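A.B. asks: According to TrEMBL, the feature active site, nucleophile maps to ASP91. Per TrEMBL, substrate binding site is recorded for TYR146. Here TrEMBL flags 184-286 as domain 'Pseudouridine synthase I TruA alpha/beta'. Among the features that TrEMBL reports, region 'Disordered' is placed at 1-26, 352-375.
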Amino acid sequence: EENGHQNKRLKSDADEEDAEDQNKKSPKRKIVLLMAYSGKGYHGMQRNVGSSQFKTIEDDLVSALVQSGCIPENHGEDMKKMSFQRCARTDKGVSAAGQIVSLKVRLIDDILEKINNHLPSHIRILGLKRVTGGFNSKNKCDARTYSYMLPTFAFAHKDQDVQAELYRLDRETLERVNKLLACYKGTHNFHNFTSQKGPRDPSAKRYIMEMSCGEPFVRENMEFAVIKVKGQSFMMHQIRKMIGLVIAIVKGYAAESIMERSWGEEKVDVPKAPGLGLVLEKVHFEKYNRRFGNDGLHEPLEWTEEEEKIAVFKEQYIYPTIINTEREEKSMANWLNTLPIHDFNSSAVEMQTNNKNSKKSSDLEGSDGCGDDSD
């Protein structure tokens with residue numbers, strides 16, 4: 001009997017060793033995964049370990065990586081162990097067609113198929129490439145392109161009586177929208193377009209390369225348009241606020257001069273458009289590609305072969321979600337009703353009053369002109 005137990009024990013030990021050997025035969029390598037997902041129902045991309053009440057895209061991804069055998073279970077608990085890095089931390093409800101994550105995995109056979117088998121259909125891994133050992137998808141990224149899909153009635157003037165399904169954007173309004181969006185190009189101080197950043201914070205300065213609104217199109221009897229924006233990097237809520245401010249101007253709630261003011265030091269009330277229409281389209285690695293893309297060991301981080309899969313995923317999961325949610329929950333229509341609550345003038349008026357008061361006091365005190373500039 002003792003021998004029988006011993007044999008069983010030896011057999012189970014041998015099985016474990018075989019599994020370990022198999023894993024050792026699949027060495028860990030640094031890779032990037034091309035991800036697409038519909039963000040509805042998720043609290044953003046980034047995993048909050050220990051907080052299970054708010055489900056994120058990374059919760060589902062890590063679970064699939066463990067179940068498929070790409071990473072050991074303890075790496076799921078501590079993501080630093082697999083050198084995990086996301087390229088962009090998308091907010092609650094935001095989707096992606098071209099998100100990139102970098103990590104170390106075991107390069108098992110049929111790796112993409114196995115990971116996707118453990119993912120819900122609205123999250124897909126569309127591509128994989130080997131990268132340099134020190135690659136970090138966030139730090140090596142030169143630029144990110146986002147799109148924002150919105151119903152065009154968002155641009156109707158506030159005094160216009162509009163029925164959502166019947167509204168069609170005219171050429172003149174589209175040209176005005178594009179003229180305003182083009183104002184964002186270049187480097188500006190976007191402290192008013194995010195939270196918890198002061199006007200003197202250097203990290204509030206961001207560089208925008210392109211921003212424009214495309215031709216409108218009709219889906220499910222409602223007209224939509226897509227705004228594309230490419231920038232080096234974006235802060236939390238920045239794109240939604242950039243679009244929110246343009247909508248407020250076009251609708252007649254705010255003067256065009258508010259854009260210049262918003263980049264200055266004063267606090268300006270900038271409205272934040274709904275998260276629903278925002279999609280991370282593409283991330284750019286131009287510098288990395290120039291250095292390593294043709295070195296004979298690594299592939300350039302370009303995804304031309306996957307473009308068709310990306311387009312199909314958008315048509316199947318991202319666009320229908322945006323359109324159906326807009327029709328059912330009326331997120332844009334409800335948000336537009338909040339625009340009159342915003343005070344687009346108060347801070348400018350307050351500043352003028354403060355300036356007048358400070359001028360009077362300095363005149364009385366005989367100021368030498370070396371006042372303190374801080375707020």
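Our numbering is plain: 1 for the first residue shown, then up by one each step along the chain.
Each Cβ is built from the backbone N, Cα and C atoms, and glycine gets one as well.
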A.B. asks: The residue listed as 'substrate binding site' has how many other Cβ neighbours within 10 Å of its own Cβ?
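C.D. replies: There are 23 such Cβ atoms around the residue listed as 'substrate binding site'.
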A.B. asks: What does the DSSP secondary structure composition of the domain 'Pseudouridine synthase I TruA alpha/beta' (184-286) look like, as residue counts for helix, strand and coil?
C.D. replies: 25 helix, 33 strand, 45 coil
A.B. asks: List the Cα distance (Å, whole number) between ASP91 (active site, nucleophile) and the residue listed as 'substrate binding site'.
C.D. replies: 12
A.B. asks: For the domain 'Pseudouridine synthase I TruA alpha/beta' (184-286), would you mind checking the mean pLDDT of the predicted model?
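C.D. replies: Overall, the domain 'Pseudouridine synthase I TruA alpha/beta' (184-286) comes to a mean pLDDT of 96.
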